[in-house]
Ligand SMILES: *Cc1c(COP(=O)(O)O)cnc(C)c1O
C-alpha cells in the first residue's frame, strides 16, 4: 500500500496499545492523503496550526504542548509529524516533538513521504530517535525510488513494533510494489542510488539559483525557506490580484506548457476534507502574506529538466507581468520539442497522487 494507507496501519497498531485514545495531534501539512489517513483509521485529528518565522512555516511547539495539557496525554493516540513538505513549510521540529513525546509518554509517528532522498530529513529522524521518542516513520517508494505508485516502507527503531504493524495487515497482498523496488534497487546498486542522491542535492542548488535569478528578473523573490531541503518557492506579487485569479492563471499556463509539478498557492481558497474545513488549503496555514509558486528538486531530476522549466516559467512570468523575457535569466530560452518522456512534469515533485 502507498504512504497514506501505511500510516493507517501504524495508527491501527497503536490503537492496540492505547485503546482509549482518540486524538491525533497533527502539525498542519496541506496534503490530503496524510490528513485522510487519520480519519480512515477512525481517529479525531487535532490540527496544530504552524507558526510563521520569517518566510518559513514551522511547528508551533507551544501550541502542541498546550494541546497535550488540554486533552490529556492518555487520550492522545500519537503525534503525527512531517519531514518532507512543500515550501514555505519546513520539516517539523522533530527533535523537540520527539522529546515532548518521550516526556509525556505519547507515541510519535513521522510522515517521511519523500524525505528518504534527503540526508537532512533522515538526519532529523536519527536525531529524534536519539533524543526522544519516534515509534515509526513511513516513506513512499515511488517518491524516493522512482518506481510506480503503490508502495511504501514502514520503518522504525524498534523491530518488534514494526513487525507488529506488519501483522495487522489483513490478508494477502500484491507483490508488485516489492518487485518494482527490488528490480530498481538491483539495477541501480548501492552506488547508483547514492549517486542519484548526490545529483539531487546538486540539482536542488541549481534549481534554487536559477529560480532566484528568474524571480528577481520578474521583480519577485525566492522565499527564504532554508530549512526545506527539497521544495522552494517564489513570490507572486501581482498587481490587482487580491483574489489570486492571476496567480492561479500562472499555474494553468505552466500546466498547459507541460509543467505540472509546480503549485501556485493564492489566498482565498476554502477546502473541506473528511468534514474538516481548511482556510487556504495548500498554504499550510490560514493566511500566508503573499501568493507564491513552488517547485521541488526530487530524485531523478536532471539539469535539462531544470533548464526547460526555468525557460517556460520565465516566458510565462514575462507574459503575465509584461517584462521582456530576454532580460530573464541566462538560461537557454528556446523551448525544446516536447516529448512525453522528457517533460519537466514527470520529474518535478507532484502533488502526491491524491
Ligand atoms: C505523497 C505524500 C503522502 C502519501 O501519499 P500516498 O499517495 O498515500 O503515497 C502523504 N504525505 C505527504 C506529505 C506526501 O507528500
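Note: Cβ is positioned from N, Cα and C throughout, glycine not excepted.
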From 303-328, 329-354, which range did TrEMBL mark with region 'Disordered'? 329-354
Which one is it, among the recorded positions 130, 143, 257, that lies nearest to residue 172 (substrate binding site) by Cα separation? 143
Fewest other CB within 10 angstroms, which one of the recorded positions 143, 257? 257
Binding-site residues considered: 130, 172; fewest surrounding Cβ atoms within 10 Å belongs to 172
